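Here is the structure we will look at, set down as structure tokens.
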Amino acid sequence: MSHVLAAVAWPYANGPRHIGHVSGFGVPSDVFSRYMRMAGHDVLMVSGTDEHGTPIQVQADADGVTPRQLADRYNRVIVEDLHGLGLSYDLFTRTTTRNHYAIVQELFEGLHRNGYIVARTTLGAISPSTGRTLPDRYIEGTCPICGYDGARGDQCDNCGNQLDPEQLVNPRSRINGETPQFVETEHFFLDLPAFAEAIGSWLDHRENWRPNVLKFSRNLLDDLQPRAITRDLEWGVPIPLDGWRDRADKRIYVWFDAVIGYLSASIEWARRTGDPEAWRQWWSADAQGKDALGYYFMGKDNIVFHSVIWPALLLGYSGEGDKAGAAGELGRLNLPTEVVSSEYLTMEGKKFSSSRRVVIYVRDFLERYDADALRYFIAAAGPESNDTDFTWAEFVRRNNDELVAGWGNLVNRSVSMAAKNFGEIPAAGELTEEDRAVLAVAKAGFATVGELIGKHRQKAAIGEAMRVVAEANKYLSEQAPWKLKSDEDKPRQATVLHVALQVVSDANTLLTPFLPHSAQKVFELLGGEGVHAPMPRIEEVEDLDGGPSYPILTGDYTTGARWESVPLVAGTPLAAPKPVFRKLDPSVVDEELARLGGDEA
Ligand SMILES: [Zn+2]
């Protein structure tokens with residue numbers, strides 16, 4: 001058994017999240033974590049909202065609120081959405097906690113001490129009319145890479161590249177339109193080339209990564225440049241060095257602080273459990289962390305941060321780059337075991353876009369549909385290894401044909417027949433070859449489905465689980481227990497229904513990581529009591545170090561089902577079942593399409 005860290009990408013808190021955001025890594029990381037817990041591993045699943053950086057500052061300015069107020073608003077929305085999806089975080093926190101600030105500064109100091117953070121003179125913008133520093137977000141111009149005219153001084157929202165203000169073509173102040181004057185100013189840079197060798201040999205020993213992720217990561221090493229990790233900005237983590245700590249106009253760059261969230265959230269989780277050192281079991285590269293595995297889940301636009309930059313920070317803090325050095329007080333830290341990157345989800349053939357209303361927010365989705373219906377779609381048809389299109393027609397089809405007519409129907413007819421004819425789980429008599437065969441198919445599912453989830457092949461995994469469902473439906477149709485009504489046939493009817501219910505129970509366990517809400521219901525329909533699929537809860541907590549309070553997602557996930565076949569007990573009372581899934585009227589397709597914006601907007 002291992003200590004398994006599930007490190008899930010941090011949603012940016014500048015708005016509500018849409019289903020594209022949760023399809024790539026939110027739901028898949030939960031499926032993985034739930035399975036690993038059921039298989040007996042010690043899982044620590046952490047994430048939080050990413051709340052610093054220019055876009056939040058810009059939007060707060062536009063809304064007339066402080067960045068903190070804006071982040072508070074969307075942190076809460078996102079926490080509630082992830083809760084609604086049943087994502088089983090041990091801790092979902094945020095980057096504005098004092099704990100996070102302290103850990104970010106500890107890593108910055110450690111890297112600086114070891115020589116991996118270097119000051120450089122660069123060009124900074126000032127306003128010629130006032131002589132004051134012009135923060136990056138107040139400068140816009142034409143992107144030198146893609147030609148987009150609304151690029152900002154720190155990044156182009158059109159092509160996604162990070163920029164420096166002086167790279168912009170025709171730069172201008174967004175405050176008064178004047179051309180900024182560029183003067184020399186100091187910033188800190190991460191010496192990425194000093195890690196090229198260490199990261200290269202680490203990548204050489206990666207196994208099981210998706211080939212495109214590994215190839216992309218290797219290619220990044222060919223052209224590593226020192227990378228700026230501070231900006232001219234007031235909103236962010238202060239720079240923890242003498243002469244810098246109190247400067248209001250310089251902050252640590254948001255990407256540097258956000259990746260450190262995996263570590264700071266693990267430490268916060270440990271502090272909240274009352275064992276402040278407990279996080280080391282998932283992170284320490286020394287003896288006690290030998291059985292520790294770290295899986296990072298993200299969209300493909302974030303690979304570079306997880307396969308190059310985050311390893312560089314961990315290596316540098318541990319004193320393991322070209323310049324060597326000594327580990328800081330957190331000790332030597334583990335590098336990722338695997339970077340699990342997903343592809344993009346599109347919506348009815350178009351890129352998700354809030355401004356063009358090509359979008360459905362998680363909240364709106366969950367108001368109209370069940371969380372497991374979305375979770376099923378994501379697992380069966382999500383952007384696991386190819387860009388994938390979400391269409392309402394396909395969503396309704398999969399819900400009705402597969403979830404309702406396949407799985408729901410199997411549950412419903414086997415439980416209702418047993419309830420009606422016996423009022424309990426009937427005892428099985430002697431088993432036929434057919435009985436044994438279908439039971440064996442279900443049992444074999446534990447190895448195949450589990451192995452596929454462990455390798456992040458969830459599409460194939462849920463396909464195997466649904467194959468068990470299909471075999472069971474076929475078995476029921478062939479055995480036709482509804483015909484076995486005479487006194488003479490009754491014992492055979494009992495056996496067939498017992499076998500069917502056992503396969504339902506096994507299939508339910510196989511589907512539990514994917515469909516936890518309905519798995520709990522099916523478990524109870526079979527007479528089970530207690531928690532089968534544990535759920536997260538929202539808790540309002542105090543900041544551990546005196547900052548403002550905030551909501552977290554957490555939970556106790558130790559009580560759920562194990563990844564194994566549990567023999568049903570004959571005589572367990574059964575009641576007539578209520579349907580577990582909802583059939584959707586095909587008219588919802590047109591209703592939903594009418595809600596989407598067109599190209600003209
Ligand atoms: Zn661009």
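Glycine is treated like the rest: Cβ placed from N, Cα and C.
Where the annotation comes from TrEMBL, it is an automatic prediction and has not been curated.
Between the listed ranges 11-21, 66-76, 242-252, TrEMBL ties the annotation motif ''HIGH' region' to 11-21.
In the three-state DSSP scheme, CYS156 (Zn(2+) binding site) is classed as coil.
A Cα-Cα distance of 22 Å separates CYS143 (Zn(2+) binding site) from SER354 (ATP binding site).
Summary of the Zn(2+) site environment: with the site residues CYS143, CYS146, CYS156, CYS159 set aside, the chain residues having Cβ atoms within 8 Å of the Cβ mean position are PRO144, ILE145, GLY147, TYR148, ALA151, ASP157, ASN158, GLY160, ASN161, LEU163. Cβ neighbour count for CYS146 (Zn(2+) binding site): 12 (other Cβ atoms within 10 Å of its Cβ, all protein chains included). Residues belonging to the motif ''HIGH' region' (11-21) score a mean pLDDT of 93 in the model. The number of other Cβ atoms within 10 Å of the Cβ belonging to CYS159 (Zn(2+) binding site), over all protein chains shown, comes to 13.
According to DSSP, the secondary structure content of the domain 'Methionyl-tRNA synthetase anticodon-binding' (425-547) in residues is 79 helix, 5 strand, 39 coil.
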